[in-house]
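Sequence annotations record features per position, and here TrEMBL assigns transmembrane segment to 74-92, 104-125, 146-174, 230-251, 263-286, 306-327, 339-360, 462-488, 500-519, 531-552, 572-598, 618-643. Annotated Na(+) binding site per TrEMBL: G80, V83, N87, N345, L474, S478, in sequence order. The region 'Disordered' feature in TrEMBL is assigned to 684-730. What TrEMBL records for 705-730 is compositional bias 'Polar residues'.
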Amino acid sequence: MPKNTKVTQREHSNEPVTESVADLLSLEHPMDYKSSQMSMGLSPGSTAPVKALLPSPDPDAEDGRPAWNNKLEYILAQVGFSVGLGNVWRFPYLCQKNGGGAYLVPYFILLILIGIPLFFLELAVGQRIRRGSIGVWNYVYPQLGGIGVSSLMVCGFVGLYYNVIIGWSIFYFFQSFQYPLPWAECPFERNGTQAIVVPECEKSSATTYFWYRQTLNITSSIDDTGGLNWKMTLCLLVAWILVCLAVIKGIQSSGKVMYFSSLFPYVVLFCFLVRGLLLKGAVDGIAHMFTPKLEKMLEPQVWREAATQVFFALGLGFGGVIAFSSYNKRDNNCHFDAALVSIINFVTSILATLVVFAVLGFKANVMNEKCVVDNAEKILGFLNTGVLSKELIPPHINFSHLSSEDYAEMYAVIKTVKEDSFGQMGLDACLLEDELNKAVQGTGLAFIAFTEAMTHFPASPFWSVMFFFMLINLGLGSMIGTMTGITTPILDAFKIRKEILCVACCIIAFLLGLLFVQRSGNYFVAMFDDYSAGLPLTVVVILENISVAWIYGTKRFMQDLEDMLGFRPYSFYYYMWRYVSPAILVVLIAATVIEMAISPAGYNAWVEAEGAESFHSYPPWALAMAYSLIVVAMLPLPIVYIVRHFNLISDGSNKLSVSYRKGMMKDISNLEEQDEQRFILSKNPSEAPSPMPAHRAYLGPGGTQEMTNTNYGTSTKTGYQNIGSPESEL
């Protein structure tokens, strides 16, 4: 704006506002008032800072809110937040467990029915209201302002243990710079004059032993803390330093980090896919993935797990989606963004699953060949001792080059002839299908199954470095979104420096995270993963849906979207938001509660003497801690509702202001001459051919009364509801 205008001159003075419509129209450059904010709570003749009365030259920065440097940074941030470790180890596990290719059908259906609509809803409210999760839901319906606080609590819980996984990846990353890899073979220990394999490793495997003993040094139960694991404590510290450096400057720093942390994992996945397809047995793994077991689609459990995965894959309810979109321009096409990010997320899950099944197919072939060799030696022993007759062995079988098919033929003959004593021989069937059906999820997939497969790769340290560097980047992208979901609402409510807040959050989170780097820390990671997010987030999202579709009003929200985007979204979204998505979420909540009620609450403890996991029930204190995570995360919802319902705290409704809306004109008349305040709003010529009707009825978010002009005298304030940006924070 030119410096010589009256508007600019009065910004630095405390003079009463007396400019007329003609003064505003005399500006040399056209202005877009679609997002500016104006206080209407002044009595005639009163004085106030002019910044509260005039739109700023940049309508998207009237509150000093930062903005993305470009659209690519924003898309990469949303992709980095939604595409995380779950795409690499959770989705392949569910695909393997729930019928291979058949699982993709319910997943895709539910992605269309609840994933994209709810993702679009969060993007739209964040972009329209330009606040974090607390401010957004305070604005939409103050009595449900606890939604934002609950999502912030869940972000805190998830961030605490999620960064521990990044710490584990950092440890494996640095351990990968050796040849052979330290988890390639079992270590030896001295027994007198002899060196023998460590019994714990011999009973399990080299990679399993390295994970539980060398990395976690885990205790045998959750009751035994075992003290801090100093190696993991240092790795956790490094992880929090990385997160702090990535988010300390807000989106200006995190946006730059996303160029690498979001794109690099795709480079690694493509490299692994090419390498994996060249491995022996990779085709078997991929064929196993895409062989649909259609009968699985009839099981309710498959649909429940598909809905849960869709729900968490897009990061719904965490507040990170809303926080990122709140830094957008108001006319950004968030409908396109919702579809694009959702599709990228789905394609990434498929890509990661192809990589995982190719590698697991290779591992299954290696393990199957080992099984054949071990059992062939047993059969040779039986032949040499006369337990088996050599006539039972087909003449074409060569024990020095025994294939899986030859072993299967020999196994079938022996089983038929020695039916009575066959069980005592201890022979295994060595079926490739059995190896492929062994479902490995979560940390077991990344730190046991995948690491074991990589020990058989040529140049295994290189691939190990690449894999764990990819996990660090995937985790970092999700942690940036999680931290943004925490810091943005706090920065909106309390105007403090981002740097101070980020450093304080990271220090506090590191100190609280020491719970997870005890020797028993892995059990607490599993507890937080099971209880801190699932049910609370589902409740948060259904309340988000209800507050927009049923309280604020779906028709009104659709009209807001049309004003904001310049086009009306498909009617499909109307029916999804109003009926389908809430119904599915109710079923999902019910299924989750039933699952928690019928499933025993416990954890898989590592038994050193057996070299295997064993299920243990939670002791009373741990069970109370697990359920308290759910209660604490959901507690803000009833508390805020009660205190707002009974007016125990202000919801900010006494702050009357007007925010200019695109496509709306308001004529304010009957103003006294000495306090003339007239405003003309219109669309930019480039955005629409003609303005909307001048006196269009609009229902405010907090009530059902149509907004109209109000006459007032010397002591009466205007009756305008705030319709542009939230005026209250919790």
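Yeah, the Cβs are placed from backbone N, Cα and C, and that goes for glycine too.
Note that the structure is predicted; figures quoted are calculated from it, not measured.
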Which number gives the other C-beta atoms within 10 angstroms of the C-beta of V83 (Na(+) binding site), all protein chains shown included?
26
Taking the transmembrane segment (74-92) as reference, which of 230-251, 339-360, 572-598 has the most Cβ pairs under 8 angstroms?
339-360
Mind pulling out the one from 230-251, 306-327, 462-488, 531-552, 572-598 with the most Cβ pairs under 8 angstroms to the transmembrane segment (104-125)?
306-327
For the Na(+) site (G80, V83, N87, N345, L474, S478), what does the 8 A shell look like? I mean other same-chain residues with CB within 8 A of the CB centroid.
V79, F81, S82, G84, L85, G86, S262, P265, T348, G477
Validating a neighbour-count step here. Other CB atoms within 10 A of the CB of N345 (Na(+) binding site): how many?
25
So which of 146-174, 462-488, 500-519 has the most C-beta pairs under 8 Å when paired with the transmembrane segment (263-286)?
462-488
Which of 462-488, 500-519, 572-598, 618-643 contacts the transmembrane segment (146-174) most, counting Cβ pairs under 8 Å:
462-488
Any residues 6+ beyond the ends of the transmembrane segment (572-598) with a Cβ under 8 Å from its own?
110, 113-114, 117-118, 120-121, 300, 304, 307-308, 311, 534-535, 538-539, 541-542, 545-546, 548-550, 554-555, 557-558
Chain residues in Cβ proximity to the transmembrane segment (500-519) (below 8 Å; excluding those fewer than six residues from its ends, i.e. six or more beyond):
156, 159-161, 163-164, 167, 216-219, 224-229, 232-233, 235-237, 240-241, 243-244, 247-248, 483, 486-487, 490-491, 525, 528
Should anything in the same chain at least six residues away from the transmembrane segment (306-327) have a Cβ under 8 Å from its Cβ atoms, list it; otherwise answer none.
65-68, 74, 77-78, 81-82, 86-87, 90-91, 94, 98, 103, 106-107, 110-111, 114-115, 118-119, 122-127, 129-133, 136, 148, 151-152, 154-155, 158, 251, 334, 337, 341-342, 345, 349, 478, 481-482, 484-489, 533-534, 537-538, 540-541, 544, 584, 588, 592
So what's near the transmembrane segment (618-643) in sequence-distant terms, Cβ-Cβ under 8 Å and 6+ beyond its ends?
143-147, 149-150, 153-154, 157, 222-223, 527-528, 530-533, 535-536, 539, 543, 601-603, 649, 730
Sparsest-packed among the binding-site residues, when each Cβ's other Cβ atoms within 10 Å are tallied, from N87, S478:
N87
